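If you look up TrEMBL, you'll see ARG105, SER106, SER107, LEU108, ALA109, ARG110, ASP123, TYR166, LYS173, GLN177 marked as dCTP binding site. Sequence annotations record features per position, and here TrEMBL assigns active site, proton donor/acceptor to GLU133. TrEMBL lists 212-511 with the feature domain 'Thymidylate synthase/dCMP hydroxymethylase'. Annotation comment: TrEMBL describes CYS395 as active site, nucleophile. TrEMBL lists ARG415, SER416, CYS417, ASP418, ASN426, HIS456, TYR457, TYR458 with the feature dUMP binding site. What TrEMBL records for ASP418, SER512 is (6R)-5,10-methylene-5,6,7,8-tetrahydrofolate binding site.
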Amino acid sequence: MILSDTDIKKSISQGTIKINPSPDFEEQLGPCSLDLHLGNSFKIFKVSRYPFIDLKNGVNVDEMMEEVVIKDGGSFIIQPHDFVIAVTKEEITLPSNIMGRLDGRSSLARLGLVIHVTAARFDPGWRGRAVMELGNLGTVPIVLYSGMRICAMTFESISSSSEVPYLEQADHKYADQSGATASKILEEPGLKAVPMVGAKIPSANKNHPEYQYLNLLQELIDKGHEQVDAGTGVKTYSLFGKQFRFDLSQGFPLLTTKKVFWKGVVQELYWFMSGQKNIKYLVDNNVHIWDDYPYRIYREKITKGLEKEMTKEEFIEKIATDKDFAELHGNLPHVYGDMWRHWPTKTDRTIDQLQWLISNIRNDKSTHSAIVNSWNPEYLYEMAAPGEACRFPICHNMFQINANGGRLSLQLYQRSCDVFLGVPFNIASYALLTIILAKITGNEPGEFIHTFGDIHYYENHLDAVKEQLLREPLPFPTVKIDQNLREIDDFKPESVELIGYESHPPIKASLSPVGGIVTKDWKEFVQNSKKN
(Lines of atoms letter the chains of each structure in order from A; the text may use other names.)
(Lines give C-alpha, C1' and ligand atoms only; values in the text may rest on other atoms or scores of the structure.)
Protein backbone atom coordinates (compact mmCIF):
# COMPACT_ATOMS: atom_id res chain seq x y z
CA MET A 1 0.00 0.00 0.00
CA ILE A 2 1.33 3.42 -0.99
CA LEU A 3 1.31 5.90 1.88
CA SER A 4 -0.85 8.99 1.50
CA ASP A 5 0.28 12.47 2.48
CA THR A 6 -1.43 11.98 5.82
CA ASP A 7 0.43 8.73 6.51
CA ILE A 8 3.76 10.13 5.28
CA LYS A 9 3.44 13.12 7.58
CA LYS A 10 2.42 10.88 10.50
CA SER A 11 5.29 8.39 9.92
CA ILE A 12 7.86 11.20 9.77
CA SER A 13 6.42 12.98 12.81
CA GLN A 14 6.50 9.73 14.85
CA GLY A 15 10.05 8.95 13.69
CA THR A 16 9.06 5.76 11.85
CA ILE A 17 10.48 7.29 8.68
CA LYS A 18 13.40 9.57 9.39
CA ILE A 19 14.26 12.51 7.10
CA ASN A 20 17.24 14.71 7.93
CA PRO A 21 17.01 17.67 7.72
CA SER A 22 13.36 17.69 8.68
CA PRO A 23 11.14 18.41 5.68
CA ASP A 24 9.02 21.48 5.13
CA PHE A 25 5.70 19.74 4.54
CA GLU A 26 4.15 22.81 2.97
CA GLU A 27 6.85 22.91 0.30
CA GLN A 28 7.73 19.23 -0.09
CA LEU A 29 4.69 17.09 0.66
CA GLY A 30 2.52 15.93 -2.22
CA PRO A 31 -0.64 13.78 -2.21
CA CYS A 32 1.41 10.58 -1.96
CA SER A 33 5.07 11.60 -2.12
CA LEU A 34 7.74 13.78 -0.54
CA ASP A 35 9.92 16.04 -2.71
CA LEU A 36 13.67 15.88 -2.07
CA HIS A 37 16.31 18.49 -2.78
CA LEU A 38 19.50 18.29 -4.81
CA GLY A 39 22.68 18.05 -2.77
CA ASN A 40 26.05 19.56 -3.64
CA SER A 41 28.08 16.47 -4.57
CA PHE A 42 28.32 15.10 -8.13
CA LYS A 43 30.37 12.46 -9.90
CA ILE A 44 31.03 12.58 -13.62
CA PHE A 45 32.72 10.20 -16.02
CA LYS A 46 35.97 11.67 -17.22
CA VAL A 47 37.41 10.61 -20.55
CA SER A 48 39.26 7.47 -19.59
CA ARG A 49 42.25 5.54 -20.76
CA TYR A 50 39.97 2.49 -20.50
CA PRO A 51 38.43 1.82 -23.92
CA PHE A 52 35.37 0.04 -22.49
CA ILE A 53 33.69 -1.20 -19.31
CA ASP A 54 33.90 -4.97 -18.91
CA LEU A 55 30.99 -6.08 -16.72
CA LYS A 56 32.38 -9.61 -16.37
CA ASN A 57 35.93 -8.85 -15.34
CA GLY A 58 35.24 -5.44 -13.89
CA VAL A 59 37.02 -2.13 -14.18
CA ASN A 60 38.32 0.37 -11.65
CA VAL A 61 35.38 2.77 -11.58
CA ASP A 62 37.17 5.23 -9.30
CA GLU A 63 39.75 5.83 -12.03
CA MET A 64 36.99 6.61 -14.51
CA MET A 65 35.11 9.18 -12.45
CA GLU A 66 35.86 12.42 -10.70
CA GLU A 67 33.93 14.22 -7.98
CA VAL A 68 32.64 17.76 -8.29
CA VAL A 69 31.48 19.52 -5.12
CA ILE A 70 29.70 22.86 -5.33
CA LYS A 71 28.82 25.30 -2.58
CA ASP A 72 25.32 25.34 -1.10
CA GLY A 73 23.07 27.13 -3.56
CA GLY A 74 25.76 26.87 -6.23
CA SER A 75 25.19 25.78 -9.83
CA PHE A 76 26.16 22.69 -11.80
CA ILE A 77 25.78 22.48 -15.60
CA ILE A 78 24.87 19.14 -17.16
CA GLN A 79 25.76 19.14 -20.84
CA PRO A 80 23.67 17.51 -23.59
CA HIS A 81 24.03 13.70 -23.55
CA ASP A 82 26.02 13.81 -20.31
CA PHE A 83 25.55 11.29 -17.50
CA VAL A 84 25.99 12.47 -13.91
CA ILE A 85 25.66 10.87 -10.49
CA ALA A 86 24.13 13.21 -7.91
CA VAL A 87 22.86 12.95 -4.35
CA THR A 88 19.94 14.32 -2.38
CA LYS A 89 20.38 16.88 0.36
CA GLU A 90 18.21 14.76 2.67
CA GLU A 91 19.27 11.59 4.43
CA ILE A 92 16.49 8.98 4.61
CA THR A 93 16.09 6.10 7.07
CA LEU A 94 13.37 3.52 6.36
CA PRO A 95 11.86 1.05 8.85
CA SER A 96 11.78 -2.68 8.20
CA ASN A 97 8.18 -2.63 6.91
CA ILE A 98 8.34 0.33 4.47
CA MET A 99 10.15 0.61 1.14
CA GLY A 100 10.77 3.78 -0.84
CA ARG A 101 10.59 4.54 -4.55
CA LEU A 102 12.32 7.48 -6.20
CA ASP A 103 11.02 9.30 -9.27
CA GLY A 104 12.18 12.36 -11.14
CA ARG A 105 10.04 15.44 -11.40
CA SER A 106 7.88 15.61 -14.53
CA SER A 107 8.62 19.31 -15.07
CA LEU A 108 12.34 18.54 -15.33
CA ALA A 109 11.81 15.49 -17.55
CA ARG A 110 10.01 17.71 -20.05
CA LEU A 111 13.22 19.72 -20.40
CA GLY A 112 15.16 16.57 -21.24
CA LEU A 113 16.48 15.91 -17.73
CA VAL A 114 16.04 12.22 -16.92
CA ILE A 115 16.28 11.40 -13.22
CA HIS A 116 16.79 7.95 -11.79
CA VAL A 117 14.91 5.80 -14.28
CA THR A 118 16.50 2.58 -12.97
CA ALA A 119 17.22 1.20 -9.48
CA ALA A 120 14.46 3.39 -8.07
CA ARG A 121 13.57 0.98 -5.22
CA PHE A 122 14.95 1.59 -1.73
CA ASP A 123 14.63 -1.55 0.39
CA PRO A 124 13.11 -1.64 3.87
CA GLY A 125 15.74 -0.78 6.45
CA TRP A 126 17.66 1.43 4.03
CA ARG A 127 19.62 4.40 5.40
CA GLY A 128 21.56 7.17 3.68
CA ARG A 129 21.23 9.90 1.13
CA ALA A 130 19.57 8.91 -2.12
CA VAL A 131 22.02 8.78 -5.02
CA MET A 132 20.46 9.62 -8.37
CA GLU A 133 21.54 8.95 -11.93
CA LEU A 134 20.90 12.05 -14.05
CA GLY A 135 21.00 12.29 -17.82
CA ASN A 136 20.47 15.23 -20.19
CA LEU A 137 18.70 13.90 -23.27
CA GLY A 138 18.15 17.38 -24.65
CA THR A 139 20.19 19.47 -27.06
CA VAL A 140 21.14 22.35 -24.73
CA PRO A 141 22.91 22.46 -21.35
CA ILE A 142 20.78 22.52 -18.20
CA VAL A 143 21.88 24.45 -15.10
CA LEU A 144 21.06 22.71 -11.82
CA TYR A 145 21.26 24.33 -8.39
CA SER A 146 22.10 22.79 -5.04
CA GLY A 147 18.94 22.93 -2.92
CA MET A 148 16.45 22.82 -5.79
CA ARG A 149 13.63 20.24 -5.73
CA ILE A 150 14.92 17.44 -7.91
CA CYS A 151 12.92 14.26 -7.24
CA ALA A 152 10.13 12.76 -5.15
CA MET A 153 10.04 9.65 -2.97
CA THR A 154 6.92 7.56 -2.45
CA PHE A 155 6.65 5.14 0.46
CA GLU A 156 4.99 1.70 0.32
CA SER A 157 3.98 -0.42 3.27
CA ILE A 158 4.88 -4.08 2.65
CA SER A 159 2.76 -7.03 3.87
CA SER A 160 4.95 -7.65 6.91
CA SER A 161 8.26 -6.50 8.32
CA SER A 162 11.27 -7.64 6.30
CA GLU A 163 13.09 -10.55 7.90
CA VAL A 164 16.45 -9.15 6.81
CA PRO A 165 16.29 -5.35 6.38
CA TYR A 166 18.77 -3.68 4.06
CA LEU A 167 21.33 -2.77 6.75
CA GLU A 168 21.45 -6.40 7.94
CA GLN A 169 21.99 -7.87 4.46
CA ALA A 170 25.42 -9.17 3.54
CA ASP A 171 25.36 -7.00 0.44
CA HIS A 172 24.54 -3.53 1.79
CA LYS A 173 27.31 -1.71 -0.04
CA TYR A 174 25.32 1.50 -0.52
CA ALA A 175 24.28 1.92 3.11
CA ASP A 176 24.96 5.26 4.80
CA GLN A 177 26.13 6.93 1.59
CA SER A 178 26.52 10.65 2.14
CA GLY A 179 27.85 11.80 -1.22
CA ALA A 180 27.55 10.97 -4.90
CA THR A 181 28.63 7.34 -4.70
CA ALA A 182 29.89 5.64 -7.87
CA SER A 183 29.04 2.08 -8.84
CA LYS A 184 30.31 -0.57 -6.43
CA ILE A 185 29.76 -3.42 -8.84
CA LEU A 186 33.29 -4.67 -8.15
CA GLU A 187 32.18 -5.65 -4.66
CA GLU A 188 29.86 -8.27 -6.08
CA PRO A 189 31.06 -11.90 -5.93
CA GLY A 190 33.28 -13.00 -8.78
CA LEU A 191 34.23 -9.53 -9.98
CA LYS A 192 37.52 -7.72 -9.54
CA ALA A 193 39.33 -4.76 -10.96
CA VAL A 194 41.64 -5.83 -13.77
CA PRO A 195 44.33 -3.83 -15.56
CA MET A 196 43.17 -2.87 -19.04
CA VAL A 197 46.19 -1.07 -20.43
CA GLY A 198 46.66 -2.42 -23.92
CA ALA A 199 43.09 -3.71 -24.16
CA LYS A 200 41.17 -2.67 -27.23
CA ILE A 201 37.63 -3.16 -28.40
CA PRO A 202 36.46 -3.16 -32.01
CA SER A 203 35.25 0.34 -32.80
CA ALA A 204 31.66 0.89 -33.77
CA ASN A 205 32.86 3.32 -36.45
CA LYS A 206 36.09 2.42 -38.18
CA ASN A 207 35.17 5.03 -40.81
CA HIS A 208 35.89 7.82 -38.36
CA PRO A 209 38.36 10.12 -40.20
CA GLU A 210 40.71 10.16 -37.20
CA TYR A 211 41.65 6.56 -38.03
CA GLN A 212 43.74 7.98 -40.87
CA TYR A 213 45.99 9.40 -38.17
CA LEU A 214 45.88 6.39 -35.85
CA ASN A 215 46.58 3.96 -38.68
CA LEU A 216 49.58 6.03 -39.72
CA LEU A 217 50.92 5.96 -36.15
CA GLN A 218 50.74 2.16 -36.24
CA GLU A 219 52.36 2.01 -39.67
CA LEU A 220 55.23 4.17 -38.44
CA ILE A 221 55.81 1.79 -35.53
CA ASP A 222 55.64 -1.24 -37.81
CA LYS A 223 57.50 0.06 -40.87
CA GLY A 224 59.23 3.32 -39.96
CA HIS A 225 62.85 3.68 -41.07
CA GLU A 226 65.38 4.76 -38.46
CA GLN A 227 66.98 8.15 -39.11
CA VAL A 228 69.52 10.14 -37.10
CA ASP A 229 69.64 13.93 -37.37
CA ALA A 230 73.10 14.89 -38.57
CA GLY A 231 73.22 18.02 -36.46
CA THR A 232 71.87 16.88 -33.10
CA GLY A 233 72.01 13.08 -33.12
CA VAL A 234 68.24 12.91 -32.45
CA LYS A 235 66.74 9.63 -33.65
CA THR A 236 63.42 9.37 -35.51
CA TYR A 237 61.46 6.67 -37.34
CA SER A 238 59.94 7.86 -40.58
CA LEU A 239 57.98 7.16 -43.75
CA PHE A 240 57.81 9.26 -46.89
CA GLY A 241 54.85 10.44 -48.94
CA LYS A 242 51.59 9.97 -47.00
CA GLN A 243 48.28 11.83 -47.15
CA PHE A 244 45.12 12.54 -45.11
CA ARG A 245 41.80 13.89 -46.43
CA PHE A 246 39.17 15.55 -44.22
CA ASP A 247 35.71 16.52 -45.49
CA LEU A 248 35.04 19.69 -43.51
CA SER A 249 31.28 19.36 -43.95
CA GLN A 250 31.48 16.28 -41.69
CA GLY A 251 33.03 17.97 -38.66
CA PHE A 252 36.17 19.85 -37.74
CA PRO A 253 39.29 17.61 -37.56
CA LEU A 254 40.53 18.50 -34.08
CA LEU A 255 41.84 15.12 -32.99
CA THR A 256 40.06 13.52 -30.05
CA THR A 257 42.35 10.65 -28.99
CA LYS A 258 44.35 13.23 -27.07
CA LYS A 259 43.46 16.79 -26.20
CA VAL A 260 44.81 19.32 -28.70
CA PHE A 261 45.78 22.80 -27.49
CA TRP A 262 42.99 24.70 -29.26
CA LYS A 263 43.94 28.13 -27.94
CA GLY A 264 47.44 27.61 -29.31
CA VAL A 265 46.03 26.60 -32.72
CA VAL A 266 43.93 29.74 -33.03
CA GLN A 267 46.50 32.17 -31.64
CA GLU A 268 49.31 30.79 -33.80
CA LEU A 269 47.16 30.91 -36.95
CA TYR A 270 46.25 34.52 -36.20
CA TRP A 271 49.97 35.21 -35.70
CA PHE A 272 50.66 33.76 -39.16
CA MET A 273 47.71 35.44 -40.89
CA SER A 274 48.56 38.87 -39.48
CA GLY A 275 52.13 38.59 -40.78
CA GLN A 276 53.84 38.77 -37.40
CA LYS A 277 57.32 37.44 -36.74
CA ASN A 278 57.97 38.32 -33.10
CA ILE A 279 57.01 35.76 -30.45
CA LYS A 280 55.99 38.49 -27.99
CA TYR A 281 52.38 38.34 -29.17
CA LEU A 282 52.28 34.59 -28.48
CA VAL A 283 54.04 34.93 -25.12
CA ASP A 284 51.64 37.70 -24.07
CA ASN A 285 48.76 35.31 -24.84
CA ASN A 286 50.34 32.42 -22.92
CA VAL A 287 51.17 30.39 -26.03
CA HIS A 288 54.70 29.05 -25.80
CA ILE A 289 55.05 26.69 -28.76
CA TRP A 290 57.65 28.95 -30.44
CA ASP A 291 59.72 29.77 -27.34
CA ASP A 292 62.54 27.34 -28.11
CA TYR A 293 63.66 28.91 -31.39
CA PRO A 294 64.55 32.46 -30.33
CA TYR A 295 66.04 31.07 -27.13
CA ARG A 296 68.14 28.75 -29.28
CA ILE A 297 69.61 31.82 -31.03
CA TYR A 298 70.11 33.59 -27.70
CA ARG A 299 71.93 30.55 -26.27
CA GLU A 300 74.45 30.69 -29.09
CA LYS A 301 75.10 34.35 -28.33
CA ILE A 302 75.74 33.38 -24.70
CA THR A 303 78.37 30.83 -25.73
CA LYS A 304 80.10 33.52 -27.77
CA GLY A 305 80.11 35.93 -24.84
CA LEU A 306 77.72 38.32 -26.54
CA GLU A 307 74.88 38.02 -24.02
CA LYS A 308 74.63 37.27 -20.33
CA GLU A 309 73.58 33.84 -19.03
CA MET A 310 69.82 33.42 -18.80
CA THR A 311 67.57 30.39 -18.36
CA LYS A 312 64.77 29.79 -20.82
CA GLU A 313 62.21 30.81 -18.18
CA GLU A 314 64.07 34.07 -17.53
CA PHE A 315 64.37 34.69 -21.27
CA ILE A 316 60.62 34.30 -21.83
CA GLU A 317 59.82 36.49 -18.82
CA LYS A 318 62.09 39.16 -20.29
CA ILE A 319 60.29 38.89 -23.64
CA ALA A 320 56.99 39.44 -21.84
CA THR A 321 58.06 42.39 -19.72
CA ASP A 322 60.74 44.23 -21.72
CA LYS A 323 59.56 45.58 -25.07
CA ASP A 324 63.05 46.56 -26.24
CA PHE A 325 64.45 43.14 -25.29
CA ALA A 326 61.57 41.46 -27.15
CA GLU A 327 62.21 43.56 -30.22
CA LEU A 328 65.89 42.60 -30.18
CA HIS A 329 65.61 38.91 -29.29
CA GLY A 330 62.02 37.84 -30.01
CA ASN A 331 62.04 38.25 -33.78
CA LEU A 332 62.06 35.25 -36.11
CA PRO A 333 62.56 36.73 -39.58
CA HIS A 334 61.26 34.74 -42.56
CA VAL A 335 58.83 32.74 -40.39
CA TYR A 336 55.54 31.61 -41.95
CA GLY A 337 53.48 34.76 -41.44
CA ASP A 338 56.36 36.93 -42.61
CA MET A 339 56.58 34.91 -45.81
CA TRP A 340 52.80 34.82 -46.31
CA ARG A 341 52.33 38.58 -45.99
CA HIS A 342 55.78 40.11 -46.71
CA TRP A 343 57.65 37.92 -49.21
CA PRO A 344 60.85 39.84 -50.01
CA THR A 345 61.79 40.78 -53.56
CA LYS A 346 64.91 42.10 -55.26
CA THR A 347 63.41 45.58 -54.99
CA ASP A 348 62.17 47.29 -51.84
CA ARG A 349 58.61 46.02 -52.23
CA THR A 350 57.23 42.89 -50.60
CA ILE A 351 54.52 40.50 -51.81
CA ASP A 352 51.38 39.80 -49.80
CA GLN A 353 50.78 36.24 -50.95
CA LEU A 354 47.74 35.69 -48.73
CA GLN A 355 45.87 38.78 -49.98
CA TRP A 356 46.75 37.87 -53.57
CA LEU A 357 45.34 34.38 -52.98
CA ILE A 358 42.05 35.82 -51.69
CA SER A 359 41.76 38.21 -54.64
CA ASN A 360 42.45 35.35 -57.02
CA ILE A 361 39.67 33.23 -55.50
CA ARG A 362 37.19 36.13 -55.61
CA ASN A 363 38.01 36.90 -59.24
CA ASP A 364 37.97 33.28 -60.42
CA LYS A 365 35.22 31.14 -58.88
CA SER A 366 36.89 27.98 -60.17
CA THR A 367 40.48 28.82 -59.29
CA HIS A 368 42.70 25.78 -58.92
CA SER A 369 46.28 27.01 -59.03
CA ALA A 370 46.61 29.66 -56.32
CA ILE A 371 49.55 28.86 -54.03
CA VAL A 372 51.07 30.40 -50.91
CA ASN A 373 54.70 29.42 -50.31
CA SER A 374 56.87 29.73 -47.19
CA TRP A 375 59.94 28.02 -48.63
CA ASN A 376 62.39 30.73 -49.66
CA PRO A 377 65.78 29.21 -50.56
CA GLU A 378 67.47 32.60 -50.18
CA TYR A 379 67.16 32.20 -46.40
CA LEU A 380 67.45 28.44 -45.95
CA TYR A 381 70.36 26.22 -44.97
CA GLU A 382 73.63 26.60 -46.85
CA MET A 383 71.78 28.30 -49.73
CA ALA A 384 71.56 31.46 -47.64
CA ALA A 385 74.18 34.18 -47.53
CA PRO A 386 76.33 34.15 -44.36
CA GLY A 387 74.34 35.41 -41.38
CA GLU A 388 71.01 35.37 -43.24
CA ALA A 389 70.01 31.74 -42.79
CA CYS A 390 66.62 31.05 -41.27
CA ARG A 391 67.27 29.63 -37.78
CA PHE A 392 64.18 27.47 -37.50
CA PRO A 393 62.69 24.76 -39.73
CA ILE A 394 60.16 25.66 -42.41
CA CYS A 395 58.09 22.47 -42.19
CA HIS A 396 54.59 23.15 -43.57
CA ASN A 397 55.98 24.96 -46.54
CA MET A 398 53.26 25.36 -49.19
CA PHE A 399 49.49 25.27 -49.60
CA GLN A 400 47.28 25.36 -52.67
CA ILE A 401 43.61 26.31 -53.10
CA ASN A 402 40.99 24.67 -55.29
CA ALA A 403 37.56 26.31 -55.64
CA ASN A 404 34.90 24.41 -57.52
CA GLY A 405 31.12 24.57 -57.45
CA GLY A 406 31.02 26.93 -54.49
CA ARG A 407 33.26 24.69 -52.35
CA LEU A 408 36.79 25.68 -51.40
CA SER A 409 39.41 23.04 -50.63
CA LEU A 410 42.98 23.46 -49.46
CA GLN A 411 45.94 21.12 -49.82
CA LEU A 412 48.97 21.53 -47.59
CA TYR A 413 52.34 20.10 -48.47
CA GLN A 414 54.43 19.58 -45.35
CA ARG A 415 58.00 18.55 -46.02
CA SER A 416 58.88 17.51 -42.45
CA CYS A 417 56.27 16.28 -40.00
CA ASP A 418 56.47 15.52 -36.27
CA VAL A 419 53.53 13.12 -36.26
CA PHE A 420 52.90 13.12 -32.50
CA LEU A 421 53.31 16.75 -31.42
CA GLY A 422 53.14 18.74 -34.63
CA VAL A 423 50.74 17.05 -37.05
CA PRO A 424 47.58 17.20 -34.85
CA PHE A 425 48.25 20.93 -34.47
CA ASN A 426 48.91 21.39 -38.19
CA ILE A 427 45.72 19.55 -39.17
CA ALA A 428 43.61 21.84 -36.98
CA SER A 429 45.44 24.99 -38.06
CA TYR A 430 45.12 24.50 -41.81
CA ALA A 431 41.60 23.08 -41.59
CA LEU A 432 40.65 26.29 -39.78
CA LEU A 433 42.47 28.35 -42.42
CA THR A 434 40.43 26.53 -45.09
CA ILE A 435 37.18 27.45 -43.35
CA ILE A 436 38.24 31.09 -42.88
CA LEU A 437 39.26 31.46 -46.53
CA ALA A 438 35.99 29.88 -47.62
CA LYS A 439 34.04 32.29 -45.43
CA ILE A 440 35.64 35.50 -46.66
CA THR A 441 35.50 34.45 -50.33
CA GLY A 442 31.84 33.38 -50.29
CA ASN A 443 32.42 29.64 -50.53
CA GLU A 444 31.50 26.63 -48.44
CA PRO A 445 34.38 24.64 -46.88
CA GLY A 446 35.31 21.61 -48.95
CA GLU A 447 38.20 19.31 -48.10
CA PHE A 448 41.40 19.82 -46.21
CA ILE A 449 44.05 17.58 -47.76
CA HIS A 450 47.28 17.09 -45.84
CA THR A 451 50.19 15.75 -47.87
CA PHE A 452 53.35 14.72 -46.06
CA GLY A 453 56.95 14.46 -47.14
CA ASP A 454 59.04 12.95 -44.34
CA ILE A 455 56.65 12.04 -41.52
CA HIS A 456 58.20 10.67 -38.35
CA TYR A 457 57.99 10.14 -34.63
CA TYR A 458 60.86 10.86 -32.27
CA GLU A 459 62.39 7.96 -30.40
CA ASN A 460 61.43 9.45 -27.02
CA HIS A 461 57.77 9.73 -28.15
CA LEU A 462 57.23 5.99 -28.69
CA ASP A 463 55.51 5.29 -25.37
CA ALA A 464 53.21 8.28 -25.88
CA VAL A 465 52.33 7.08 -29.39
CA LYS A 466 51.47 3.63 -28.07
CA GLU A 467 49.26 5.14 -25.37
CA GLN A 468 47.33 7.13 -27.96
CA LEU A 469 46.79 3.99 -30.05
CA LEU A 470 44.81 2.46 -27.15
CA ARG A 471 42.13 5.11 -27.50
CA GLU A 472 39.00 5.23 -29.62
CA PRO A 473 38.07 8.44 -31.48
CA LEU A 474 35.17 10.56 -30.28
CA PRO A 475 32.89 12.60 -32.56
CA PHE A 476 34.57 15.60 -34.17
CA PRO A 477 33.51 19.08 -33.01
CA THR A 478 32.40 21.92 -35.25
CA VAL A 479 33.56 25.51 -35.57
CA LYS A 480 31.56 28.69 -36.06
CA ILE A 481 33.04 31.76 -37.78
CA ASP A 482 31.82 35.28 -37.05
CA GLN A 483 29.21 36.02 -39.73
CA ASN A 484 30.49 39.62 -40.00
CA LEU A 485 33.98 38.51 -41.06
CA ARG A 486 34.65 39.89 -44.54
CA GLU A 487 38.40 40.51 -44.87
CA ILE A 488 41.46 38.58 -43.77
CA ASP A 489 42.78 41.49 -41.69
CA ASP A 490 39.53 41.61 -39.73
CA PHE A 491 40.08 38.09 -38.38
CA LYS A 492 40.85 37.88 -34.67
CA PRO A 493 41.08 34.82 -32.40
CA GLU A 494 37.66 35.67 -31.00
CA SER A 495 36.21 35.41 -34.54
CA VAL A 496 36.07 31.62 -34.22
CA GLU A 497 34.12 29.46 -31.77
CA LEU A 498 34.79 25.77 -31.15
CA ILE A 499 31.60 23.81 -30.47
CA GLY A 500 31.24 20.39 -28.90
CA TYR A 501 34.88 19.35 -28.49
CA GLU A 502 35.31 16.28 -26.32
CA SER A 503 38.58 14.43 -26.17
CA HIS A 504 40.68 11.97 -24.25
CA PRO A 505 43.17 13.55 -21.83
CA PRO A 506 46.40 15.16 -23.06
CA ILE A 507 49.51 13.01 -23.53
CA LYS A 508 52.65 14.94 -22.73
CA ALA A 509 55.88 14.60 -24.69
CA SER A 510 58.94 16.82 -24.98
CA LEU A 511 59.58 19.03 -28.00
CA SER A 512 62.69 18.33 -30.08
CA PRO A 513 63.67 21.62 -31.73
CA VAL A 514 65.79 20.41 -34.63
CA GLY A 515 66.25 21.71 -38.14
CA GLY A 516 67.58 24.91 -39.67
CA ILE A 517 71.27 25.67 -39.41
CA VAL A 518 72.64 23.62 -36.53
CA THR A 519 75.85 25.04 -35.11
CA LYS A 520 78.36 23.23 -32.93
CA ASP A 521 77.22 25.33 -29.95
CA TRP A 522 73.59 24.34 -30.42
CA LYS A 523 74.48 20.68 -30.88
CA GLU A 524 76.38 20.73 -27.57
CA PHE A 525 73.47 22.52 -25.87
CA VAL A 526 70.99 19.86 -27.04
CA GLN A 527 73.27 17.05 -25.90
CA ASN A 528 73.79 18.67 -22.49
CA SER A 529 70.02 19.15 -22.15
CA LYS A 530 69.56 15.40 -22.67
CA LYS A 531 72.02 14.63 -19.90
CA ASN A 532 70.26 16.99 -17.52
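Glycine residues also receive a Cβ, built from the backbone N, Cα and C atoms like all the rest.
If you check the recorded positions ASP123, GLU133, HIS456, TYR457, TYR458 against the residue listed as 'active site, nucleophile', none has a Cα inside 10 Å of its Cα. Reported as a whole number, the C-alpha separation between ASN426 (dUMP binding site) and GLU133 (active site, proton donor/acceptor) equals 40 Å. Counting in whole angstrom, ASP123 (dCTP binding site) lies 18 from GLU133 (active site, proton donor/acceptor) by their C-alpha atoms. All protein chains included, SER416 (dUMP binding site) registers 19 other Cβ atoms within 10 Å of its own Cβ. When secondary structure is read from DSSP and collapsed to three states, SER107 (dCTP binding site) falls in the helix class. The most densely surrounded of the binding-site residues ARG105, ARG415, HIS456, judged by C-beta neighbours within 10 angstroms, is HIS456.
Here the Cβ of the residue listed as 'active site, proton donor/acceptor' has 17 other Cβ atoms within 10 Å, regardless of which shown protein chain they belong to. A distance of 13 Å separates the Cα atom of ALA109 (dCTP binding site) from that of the residue listed as 'active site, proton donor/acceptor'.
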